[in-house]
Amino acid sequence: MNRREWLGFLCAALFIGVFPWVVVPFKAVSHYVDVMVFAGIFSLVSLGLSMLMGFAGQISMAQAAFFGIGAYTSGILTSRFGWNPVPAMPIGMLASAAVAWLIGIPALRLKGHYLAMATLGFGVIVHIVLGEEVAWTGGPSGMSDIPRLRFGDVRITGEIAWYYIVWVTVFIGLVFCFHILRSRVGRALRAIHEEETAAESMGVPTARYKLQVFVLSAVFAALAGSFYTHYVTCLNPGSFNLMWSIRFVLMVMVGGMQSLWGAIVGTVLLTFVGNEWLQVFADFEIVIYGAILLVVALFLPGGLMSLAGRWTSAGSRTVAAPDDGGS
Amino acid sequence: MGTDILQYTISGLTIGVIYAMVALGYNIIYNVTEIINFAQGEFVMLGGLFAAFFIGVLRLPIVVGFFGAVLATGLVGLVMERFVIRRAKNASVLSLIIITIALSILLKGGAMIWWGKDPHSVPAFSAGGPILVAGAAIQTQAFWVVGVSALIVIGLTVFFHRSTYGKAMLACADNPNAARMVGIPVRRMVLLSFVLSAGIGAAAGVIITPISMMEFDRGALLGLKGFGAAALGGLGSFFGALVAGAILGLAESFCAGYVSSGYKDAVALVLLLLALFFKPEGLFGSGEAAKLKRF
């Protein structure tokens with residue numbers, strides 16, 4: 001990372017670090033810590049999806065499925081087999097990676113509309129399985145009494161503890177992603193996004209890189225799913241349906257697909273919108289989501305970060321083209 | 001045993017025809033614009049719910065309700081193309097996908113607000129109990145489903161292969177610039193394709209509602225299965241869509257009968273994935289042509 005990025009990183013870390021201490025004393029907003037825990041969990045999903053959509057140019061409408069695979073693996077191992085959550089989490093990530101790898105090999109040969117439909121179909125299948133395998137998943141009514149995260153004898157129950165654990169993980173994930181983008185792989189991904197055929201003819205193993213990023217995004221989603229499980233301590237398939245996959249895409253798009261910061265900003269914003277500010281609209285919520293998605297796709301394809309970039313002319317990262325030109 | 005098979009075959013074919021109709025809707029828009037409209041399933045849902053409103057609430061005759069629902073949904077398709085898709089002419093594929101998904105969410109949400117979350121129904125088109133054939137009971141509505149669909153398919157085939165308008169629409173898909181040069185109003189053709197596609201989706205929705213009812217959130221799954229039929233049959237191929245729709249419907253019905261009713265929705269999707277993964281040009285599409293497509 002260069003100095004600019006370090007500066008941005010420090011500012012963000014400072015903001016995240018003091019946030020709870022600013023909001024907790026005020027009764028009306030003290031529960032924002034809880035909202036931010038969810039925002040952090042969802043940010044992990046968006047980070048992975050941003051790598052896939054924004055940098056490799058491949059769409060996935062199945063992130064909720066990978067989120068669900070992580071969540072249910074964690075939930076089943078801990079509540080049915082008495083595992084400690086800590087070793088259960090990497091198992092969930094492995095399971096998700098394995099599934100993503102199996103699906104990804106044939107799916108990533110597809111492009112554009114076909115890839116979107118294939119991932120959409122896969123996501124719906126996972127959702128059906130979660131609802132049908134009652135013996136394992138509890139079916140439509142789900143599971144409850146899943147243990148909280150536990151390190152040794154210390155059970156993590158407090159919101160603030162959760163807040164820091166989740167957000168530190170987000171920052172580690174962010175640094176990890178920045179490093180990938182800086183590397184040879186990152187340049188290759190951008191080349192794939194710009195013009196896949198050209199990249200291939202330059203000797204970039206496009207299929208392998210696309211698959212790796214797809215698996216990476218699934219691992220991030222599964223990690224988030226595990227956190228989610230142990231934070232809310234109950235699960236039902238409704239949290240992993242198509243609408244959630246669409247929400248994850250929306251989070252990435254609102255912030256700006258080609259910026260990892262954008263993914264986090266979009267996620268925090270939409271989590272507040274969904275968990276807090278839209279509650280008053282009840283049934284209108286879904287219409288408002290559709291409207292935001294439409295407006296962003298039509299008028300702001302670069303997301304909020306592109307607006308910031310226009311104002312400061314330096315806010316966007318090193319990506320050349322602001323539009324998402326590829327297929 | 002034999003009766004069961006016959007029963008499952010009939011119900012499978014009935015629902016398969018509906019999937020084929022959804023697939024036709026995809027194909028019409030795809031043939032003219034090479035766009036996959038992710039809101040296609042919502043047209044079916046709207047058709048059913050409009051019909052429930054016209055026939056059930058306003059007490060209009062069934063024929064009027066049928067055409068009313070088709071027209072109303074066609075109007076939705078028109079608004080969609082004229083005010084949204086047309087603005088996104090230069091958008092990337094990724095943006096187009098997001099835009100049609102956003103439209104589908106808007107339609108679904110709008111339907112939920114207007115009609116509520118409960119399923120709505122429409123009376124069967126003709127009175128009378130089910131007809132018994134070799135022990136299998138066939139609802140009279142099943143005949144309507146097949147009959148109306150057959151009429152639509154014949155009508156579309158004639159339209160696209162005989163009429164100037166239909167041929168002009170197909171030309172837009174092959175090469176929009178060349179089509180424009182020979183004087184075809186490409187914009188109007190694209191608009192027409194959305195209206196036509198919405199109307200056909202709506203017709204499918206109206207005829208299936210007496211059998212399976214209709215609610216606001218049915219669109220996504222109908223759309224996915226319809227796309228399964230379109231992809232399996234070869235995107236753009238009308239004949240392929242019909243055969244593939246029947247295959248999906250039968251697979252689903254037999255799965256519900258013999259394996260598990262909970263997994264019946266997954267069957268069509270698994271077939272969709274298999275088709276996309278192993279034969280993306282479909283059973284009746286040409287691999288050569290698929291390679292030349294823009295998307």
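Think of each number as a place in line: the chain as shown, counted from 1.
Each residue, glycine too, has its Cβ placed from N, Cα and C.
Straight from TrEMBL, the features:
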type	residues	note
TRANSMEM	A:35-57	transmembrane segment
TRANSMEM	A:64-83	transmembrane segment
TRANSMEM	A:89-107	transmembrane segment
TRANSMEM	A:114-130	transmembrane segment
TRANSMEM	A:160-181	transmembrane segment
TRANSMEM	A:211-228	transmembrane segment
TRANSMEM	A:248-274	transmembrane segment
TRANSMEM	A:286-308	transmembrane segment
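If you count C-beta pairs under 8 angstroms between the transmembrane segment (A:35-57) and each of A:89-107, A:114-130, A:211-228, the highest count goes to A:211-228.
Counting Cβ pairs closer than 8 Å to the transmembrane segment (A:89-107), the top stretch among A:64-83, A:114-130, A:211-228, A:248-274, A:286-308 is A:211-228. Remote same-chain residues near the transmembrane segment (A:248-274) are listed as 8, 12, 32, 35-36, 38-39, 42-43, 45-47, 49-51, 53-55, 59-61, 63-64, 67, 170, 174, 177-178, 181, 221, 285, 289, 292-293, 296-297, 301-306, 316-317, 319, 322, 324 (criterion: CB distance under 8 Å, separation of at least six residues from the stretch ends). For the transmembrane segment (A:286-308), the list of distant contacts is 243, 246-247, 250, 252-259, 261-262, 265-266, 269, 273-274, 278, 315-316, 322-324: same-chain residues at least six beyond its ends, Cβ to Cβ under 8 Å. Within the same chain, residues 1, 5, 9, 12-13, 16, 19-20, 24, 33, 36-37, 40-41, 43-44, 47, 50-51, 55, 149, 189, 216, 220, 223, 227, 231, 260, 264 sit at least 6 positions outside the transmembrane segment (A:160-181) and bring their C-beta atoms closer than 8 Å to a C-beta of that stretch. Counting only same-chain residues 6+ beyond the ends of the transmembrane segment (A:211-228), those with a CB under 8 A from a CB of the stretch are 38, 41-45, 47-49, 51-52, 55-56, 58, 60, 63, 66-74, 85, 88-89, 92-93, 95-97, 99-101, 104-105, 107-108, 149, 165-166, 169, 173, 180, 185, 189, 239, 248.
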